[in-house]
Every structure is written in C-alpha cells, then in structure tokens.
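First, the structure itself, so that you have it in front of you.
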Amino acid sequence: MPNIKVSTGSPSSSSQISSPPPVDFLYSTPPSITRVLTYTSPFVHFFSYFLSLVTWSTGNPSESCLLVAAWWTICLYPTEIIIYGTHILLLVWIGWKWVEKGKSEKLGKPSSASKSTSQLDLNRTVSEIHAISDKLTSFHALINLIRSNVDWTNSSQTQKVVRGLIYSYPIWLVLTYFVSLTWIFIILGTFGLVWHSPWFKFTRYILIKSPIFHGIMDLICVYVCGGNLSQQGERGGFSVRAFGTLISKAKEQQKKLAGKKDNNNKDENKTCTDLIFRFVIYENQRWWLGLDWTTNLFLNERPAWSDEYNEPTNPKSSFELPPTTTISETPEDSNVLIKKTMEWKWENSDWWIDYDGDVDNDGWQYADNRWNNLSSKSGFRKYTRRRKWVRTARLIETIEKIDKSDESKDDEDQQDQQDQQNQENKQNQKITEISEDFETKENNNKPHPYSLSLNSSNSSDNKSKSLPLISRKANGKFDSESISFTVSSEKENQDGNPIK
C-alpha cells in the first residue's frame, strides 16, 4: 500500500453522522475520491438500474419484461441492429442533447451547469454503490463457491467437476449440433433474467419441494459426479502449483516493467482540470405581518442560508471554496515521490438562480408554515419560501513526480560543499593565528635599528633617546618599529653639522 500524507490549508472538520454539506464533504474527502465518483456516476446509475431490472425490484414488472424482450431482439437480430440501429441511436442521442441545451438556454443556465456535479449527485452515487454491493452479495457467494470447486482447494470436489465436464462434453456436442447457439444463448439468458421474478420464484419453490425433481437431480449427479480421478490426477504431468508459480513470475515481471516505465516518466508533470463541481445553496425567508418577507426565521427551523440538506452554510456573498490540498504519495518505487496539489477555482463569475422545478419568475418556491407543499404560487397559507442559488467551480489538480535519489544527491553535494568550506575556514584561521604569534615573537626579540639621540656640547656624556616610529612596508601595511635617530645639539645644528 502506498504511503499517503494529506495536508490542507485549514483544519479538517469533525465527522458527522448525518450527511455532511457539500463543502464539508469536499473537506473530508480526498479530491481523487470525488473525481472517481464523478467519472463513474453514469455507469453506477446504469448498472444499478440494470440490477434492479434483473432482480425485478423496480416496482414495475413491465420494465423487466421489456428487458427480456430486448434480450430476445438482440440475440435474434444482431446484424440488423448493428447495421440499421447504430446511426439511429446516435442521432436520437444527439437530438436529445440539443433539446436539453435549448431548455438550459431558455432557463438562463450556463453551459457548465450540465457538466457539473452536486453533493446530492455524489450521495446518490454512494447510496447506489451500497445497493449494488448488497445485491451482488449472493452473486459473489456463488462465484466463491465455483472458485473453491475448481482451484483444487478441495481435491475431491475439483475431481468431481472434472468428471462432470468430461461426461457432459458429448452431450454438449450433440446439443449444439441440433440446436443453434443463438437459441442456447436466448434460453440461458432468459433463465438468468427471470430467475428473480415472482412467478419463477414460486416455480422454483414447487420444484424444490417435489420428490420427482429430487430423484431426477440425484440420477444426474450420480451419472456426472460418480467415480474417482485421484489416480489420473497423480499421473498427469500438469502441475497446478507450477502453473501458479509461472503466473506469479509473470506478474512480477510486469510490475518491474511498469516500474521502469514510471521511472522514465517520473519527470513529467500533469495538470487535470476536468472535474467541475456544482455548489448549491438555498435562500430561505419567512413572511411576517407588517414586515413582509424577511430572513428572520424561527430558531427550530432551517437557517436563512442552507444547503441541500437544510444544514447551515455561508451566504453567497461570503461563501468560500475548500482550501488548497497537497497529497504526498510514495508508490511501489521508493525512489519516486508523487506530489499532488488540488486547488479549487470558480468556473462562473457569480451565483445564478436555478429555475428548474415549480418556481415563479424570480426562482422562489412557496410553502406552508412547516415548509411543506412547495409550489410556485404564493398567497393564502403560504408563509415560507426558498430560492435555489447555484455556482460551479473547477478542480485543478497538479501531479508532480520527484526523484528522491536526485534530491538526496543534491543534499549530499550541498553538505560536502559546506563541510569543505568549514574546513577551509578553520585552516585559514589556524594560519592567521600562527602568523600573528610568529610576528609578535619576532617583534619582541628584534633590536631597535635606529635611535634618536641628542648630543649637547655642554655635556660630556652623549645622551640619546629612542622613540618608536611607524614605518610603512612595501605591501602598504604599517609596522611598529623602534627607530632611533642621532640628533646633535642646537649648537651643532647651528654650526651646520648634519643630523645622523
């Protein structure tokens, strides 16, 4: 399993038992899940409706009967349907889309409204997925039973299945010789489609309780499943374990090739902007005598601004999109880091009123004191009203693949450079300290080369004074040295003797 880290611009909201409002749903659900639900919602709706037809649970048995008739038509006339029906179906679908577009333009809807998804649509998709899971439970149990009988989990049962296939093969050849495959598929498909019908359930119940039917089934089982194939299974050169090992090796090789392909494309960045979400909020008002319609509502009823589930939400003037979300994933290749950034941006410049349904010219729906009996007509006993505001936003998802090995190399190079610089600084500091110590010792031990002396003619002893002077070196620096000059007395200066 890949490691996933999610970070958002604000703290995540607390989980609720009831259905959350749209913004809370987007806060608490990763955008990838929202994207998958949006992409698969048409298929989920179709498959859920198809299962309802197959299980005869739509509430109208005639729809399931039409499905059986459609199955017969497809099996009997497949060529005619492909030749004549393909273009007709496409033209009908394009015409229906044209009618929907004209209706949307007449109602003043933007073009992105039909492509957007709302919180109600997502919750409907999730509920249908739960219903599909419940309906497929029995089918999944049947698949597991068949799998356990053919994968050698129970050797005796698998041997019976092999014996049954061998004994039924001649019967299958004779059946296909006299009966065409078309009618075989029609009969098998019809049995599958009417299996859950009320009258077929009653027929199955009568047959199960019948001793004649039990006797026939026992004879078939004795003929098909009798005998023992353990010795033949031991003599055969085929090994199921070897075949499974071969499949596992092929899967490992496929994963390696996929990993190489991911490494070749790891520097590519992708941006997806095809998910459009529809935000829906309701403006709720109540009529008061002398005040007309206002947003002053009772404390125990819905707020002035609510979502599709009558939960409080911000008004359209202060409604904000979910914050930017960053997800870091580590796939199977540990050297690659996938960074996903999800950002929401408004698709429409402002909110617009949805005129679908029974509304008046301003988009209002009027109801009684308990928000029941919604209609477009106001008047007597109409004390509440609501108006639907809609605005669409687009999710911009940026996927960036980062190579961890390159990052580690860059970090190592920077660390090496920093260590080398620190070593050079230390060496320069040591050299400076050694040179300063050497110069200090040399200056202390060096005699003064010059002296400044004053000779007086009135004094028999020559007196000299040494004064420290500053001399400039060739490199432009100054060095403090003790320079001595011999200076004659004033009388000798007057006589013209030079100063040494």
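Just so it is clear, glycine is given a Cβ too, placed from its N, Cα and C backbone atoms.
The region 'Disordered' annotation in TrEMBL covers 1-20, 402-500. Per TrEMBL, transmembrane segment is recorded for 36-57, 69-96, 169-194. Summarising the annotation, TrEMBL assigns domain 'Peroxin/Ferlin' to 274-354, 363-396. What TrEMBL records for 417-429, 451-467 is compositional bias 'Low complexity'.
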I need to check the long-range neighbours of the transmembrane segment (169-194): which residues 6 or more away from its ends have a CB within less than 8 Å of a CB in the stretch?
54, 64, 67-68, 71-72, 75-76, 200
DSSP-wise, what's the residue breakdown of the compositional bias 'Low complexity' (417-429) into helix, strand and coil?
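Counting residues per DSSP class in the compositional bias 'Low complexity' (417-429), I get 13 helix, 0 strand, 0 coil.
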For the domain 'Peroxin/Ferlin' (363-396), jot down how many residues DSSP puts in helix, in strand and in coil.
0 helix, 18 strand, 16 coil
